[in-house]
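J.: The structure follows.
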Amino acid sequence: MSTSALIALAAIALVGVISAIIGSLGVRVARSTSDFLVASRTVGPLANASAISGEYLSAATLLGVAGLILREGADALWYAIAFTAGYLALLLFVAAPLRRSGAYTVPDFAEVRLGSSRLRRVCTLFVLLIGWLYLLPQLQGAGLTLTILTGLPGWIGVAGAGIVVVLTVIGGGMRSITFVQAFQYWLKLTSVAVPALIIGGLFLSDARTFDRPSAPQFPVDTSVRIRTDVVLQVGGPVTFNATGEVDGHEVEGQVHWEPGEHVIRAGSSLRFASGTEVPTPVGSPITDQEWLNPMSGSAPNQLLEIYSILIAGFLGTMGLPHVLVRFYTNPDGEAARRTTVLVIAMIGGLYLLVTQLGALSRLYTPQLLVTGQTDAAVLMMPTAALGAGWFGWMISGLVAAGVAAAFLATSSGLVVSLAGVLFTDVLTGRLRDFRFAAVLSSILPIVLALTVTRLDFALTVPLVFAVAASTFCPLLVLGIWWRGLTPAGAIAGVLVGGGLSAAAVAVSLFASVRPGLLGVLLLRPAAVTVPAAFLTMIVVSLLTRSGVPADVDRTLLRLHAPERLGLTASRFDARDDR
Amino acid sequence: MSTYTDGAPPSVSSGMRNGPDGQQEPSPVPAAGPHDPPQAAGDHTDPPEPAEPSSGPVWLQAEIRRRMEVNRSAGGGRHARREGVDRPGIEDYLGRDDEPGPGVRRPASPPAAPESDNVPPPGRPEASPAIHRPPRPAWMARTDTADTLHPPIPPEPATPPARILGTSAPQSPSGIPEPDPGPPTADLTSRDDPATPTPTRVRIVLSERKASAARSVRTVVDVQELTPVGDLLRTNLIGSQLGAALRVAAVAGLVLAVLPALFALFPELGRMSVLGLRLPWLLLGVLVYPFLLGLGWWYVRSAERAEQEFADHVQD
């Protein structure tokens with residue numbers, strides 16, 4: 001194993017160990033069940049905001065956004081915007097009332113507001129679905145990181161990440177998770193900021209430019225192994241050496257490509273000389289100049305795609321179970337609001353740096369365009385830009401640590417919230433044990449991650465957001481702001497939105513999607529499913545008007561009145577006494 | 001109490017209007033003769049005008065009082081209970097008034113009271129202390145004790161009534177036991193139940209004072225018990241919060257939704273260079289984050305303001 005791999009492994013292990021230490025320190029503070037689940041609601045806004053950001057900025061979004069920018073250019077900026085704007089929507093419509101509801105899972109909220117146990121079961125189902133769907137790319141990403149940095153097989157990364165996550169959660173529940181995740185946010189920020197500053201400085205002193213009428217060129221002689229079938233396009237004639245199946249022929253030796261599209265089968269290896277123009281995946285911009293401009297690729301329905309991503313991100317964030325559970329740790333509604341503003345700043349700041357890294361990766365790691373593994377851009381940048389020396393390795397190790405922290409933070413947050421739901425709603429009798437629930441909630445995604453082939457983060461993450469936006473967003477928004485919501489309406493809306501989006505997920509994950517309007521809508525269903533869910537919820541509620549809960553006014557008062565007035569007793573206190 | 005009411009009727013009319021509580025009976029009556037009628041007339045004409053400059057809260061205050069009045073006349077209010085004994089007298093008195101009927105007139109009067117507070121400050125304060133002194137030794141005694149407790153009030157005729165409203169609450173306790181011989185006391189205890197001991201003090205001294213203090217107790221209960229007043233306050237709070245959220249969301253949504261369309265329709269925009277960065281990269285990669293942060297901060301400010309207003313109405 002090479003030195004760089006050892007450094008990266010050591011950095012990742014260090015993150016795991018430090019997380020475990022912080023987690024176990026937190027255990028001493030965790031006493032009651034409420035301690036365990038919602039950190040006693042005594043976490044300060046800064047710590048809480050760090051934890052929320054740490055949890056939210058998954059490696060999938062961190063690596064995925066940079067990779068998308070490398071491939072798509074200006075159009076990919078919308079992903080980061082959607083992920084950040086999601087917290088604005090959460091702040092506007094959900095944060096304070098949700099905290100005041102005194103509930104700590106979405107099913108809990110559904111019951112507080114509508115008092116229907118059937119709705120509660122439906123919500124439980126979708127919390128589990130969304131959580132598992134989102135855990136999948138997280139764990140697979142851990143495998144990708146390990147493979148790229150060390151050359152070890154990916155399953156070790158998946159299994160290792162799974163085990164560390166379960167141990168952290170079992171160790172101390174939410175309380176320790178809060179501090180662990182706060183630590184992980186700052187680690188992530190450092191691990192992105194340092195290379196962004198160093199490589200950014202290098203770029204400025206280099207006098208290189210993006211504004212070129214040609215495709216990016218391989219900076220050095222590069223060999224590329226193709227792991228999945230790809231369709232590439234070139235803007236000018238390209239000559240390279242190849243072994244494997246190219247354009248339907250077995251090739252061994254030199255290949256000459258005319259401008260156009262070319263197919264390469266998995267298992268081929270290509271060797272490009274320094275200075276050769278880099279072929280790009282079909283549909284994405286070819287030349288650097290096109291890449292700089294918005295709406296540049298040749299893919300159809302780009303505008304629809306952008307709007308769909310914006311809707312999914314804007315409305316989907318509030319529906320993610322691990323995001324919601326965080327808000328219960330705020331001391332009151334006002335603190336929840338201020339925390340969210342801090343979160344917008346923290347997430348925005350980090351995406352700013354990630355955007356910069358993604359753009360720079362077009363210069364330093366263009367070979368990823370050929371393999372299709374653009375998600376690895378951030379990981380490979382340091383050694384590509386700084387050279388394979390100790391300096392490059394150390395920075396690379398720092399990035400590895402940050403990415404590992406990102407995986408651990410999001411995964412453990414997801415496991416906590418899933419375990420919380422399993423614990424309160426599914427498990428009964430002797431099995432009703434939080435630790436058991438934690439193990440149970442992570443087994444399925446670990447197994448799936450080991451067996452299902454990995455897809456681009458750019459594909460999987462927006463899908464999860466779309467499901468969340470089509471189920472819990474309408475439930476939360478209408479539940480908080482509309483008096484007329486009925487249990488029947490809520491159930492119908494969640495089922496329609498969730499059913500449609502889940503179907504889209506299934507089709508796009510397990511079947512090949514044809515390009516075109518339908519294809520775009522299958523991959524980015526939010527533009528259709530979210531309005532459908534809202535509409536169903538409203539129409540069915542209006543039809544079943546008699547189902548409006550009798551205590552709706554009292555509930556709404558509790559959701560909106562400031563706690564300091566003492567108008568309503570905290571439900572949470574009552575719970576504590578139980 | 002009842003004696004005042006019964007004895008005073010003829011001249012009380014104006015005082016009655018000013019103070020919806022129906023307790024104004026006592027003092028304003030006799031001395032008010034010269035001053036009050038015009039004042040009352042002014043009260044009735046004034047409301048619309050002052051309402052224009054001072055916007056939302058004033059309207060809300062007026063509406064709150066209106067609902068409280070409706071509530072009370074419906075028999076559910078504390079006052080109704082309390083005044084049960086005096087009922088006949090009051091009704092007689094009201095009947096004599098030139099306005100159509102109690103039900104109609106009462107709702108109308110409350111808005112007048114707050115407005116008049118703001119508008120004719122000079123006339124009012126003069127009137128009230130002056131009015132109170134003459135009637136009876138008992139009242140004198142009471143006001144005296146009040147004076148010792150809170151000297152500012154009598155000597156400052158020019159003080160805006162609003163101030164008087166504020167100070168009134170602590171002042172009145174001394175007065176309570178004296179004027180309320182029997183039935184009222186029982187009622188006082190019942191009134192204490194809600195939580196606050198202050199309500200009792202308020203009762204007697206001035207109509208305005210009563211109104212304000214009554215509100216402070218009531219509204220907390222109102223809001224909790226979902227009375228019409230509570231409904232108003234709650235829906236108003238939710239409405240203003242939703243309004244703030246939708247305003248911010250509209251700005252964010254509009255900007256974010258227009259940008260992709262702009263770049264699609266006018267590709268040359270995407271090639272513009274500002275500060276060494278391409279316009280789309282500058283806007284979408286950098287400036288959008290401070291923009292979102294600013295919107296968030298804006299919302300937090302307006303949401304907290306709305307909550308503060310709600311709290312003010314409830315606690316007063």
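For all residues, glycine too, the Cβ spot is worked out from N, Cα and C.
Checked TrEMBL, it gives:
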TRANSMEM  A:46-70  transmembrane segment
TRANSMEM  A:76-98  transmembrane segment
TRANSMEM  A:119-135  transmembrane segment
TRANSMEM  A:155-173  transmembrane segment
TRANSMEM  A:185-204  transmembrane segment
TRANSMEM  A:306-328  transmembrane segment
TRANSMEM  A:340-359  transmembrane segment
TRANSMEM  A:390-422  transmembrane segment
TRANSMEM  A:434-453  transmembrane segment
TRANSMEM  A:459-482  transmembrane segment
TRANSMEM  A:489-510  transmembrane segment
TRANSMEM  A:522-544  transmembrane segment
J.: With pairs restricted to those 6 or more apart in sequence, evaluate whether the transmembrane segment (A:306-328) and the transmembrane segment (A:46-70) have 3+ C-beta pairs under 8 Å.
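T.: Yes, the transmembrane segment (A:306-328) and the transmembrane segment (A:46-70) are in contact.
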J.: Using Cβ atoms only, state whether the transmembrane segment (A:522-544) and the transmembrane segment (A:459-482) have three or more pairs under 8 Å that are 6 or more apart in sequence.
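T.: Contact between the transmembrane segment (A:522-544) and the transmembrane segment (A:459-482): present.
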J.: At an 8 Å Cβ cut-off, counting only pairs 6 or more apart in sequence, do the transmembrane segment (A:489-510) and the transmembrane segment (A:340-359) clear the bar of 3 or more pairs?
T.: no
J.: What stretch of A:119-135, A:340-359, A:390-422, A:434-453, A:459-482 shows the most Cβ pairs under 8 Å to the transmembrane segment (A:185-204)?
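T.: It is A:390-422, which has the most Cβ pairs under 8 Å.
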J.: What residues elsewhere in the chain lie close to the transmembrane segment (A:434-453), defined as a C-beta under 8 angstroms and at least 6 residues from its ends?
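T.: 36, 128, 131-132, 135-136, 139-140, 143, 155, 158-159, 162, 165-166, 169-170, 173, 228, 411, 415-416, 418-420, 422-423, 426-427, 509.
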J.: Using a Cβ cut-off under 8 Å, which residues of the same chain at least 6 positions beyond either end of the transmembrane segment (A:390-422) come close to it?
T.: 3-4, 7-8, 10-12, 14-16, 19, 37, 54-60, 62-63, 104-105, 107, 124, 127-128, 131-132, 134-135, 138-139, 141-142, 145, 149, 161-162, 164-166, 168-169, 173-174, 177, 180-181, 183-185, 187-188, 190-192, 194-195, 198, 321-322, 324-326, 378-379, 381-383, 434, 437-438, 440-442
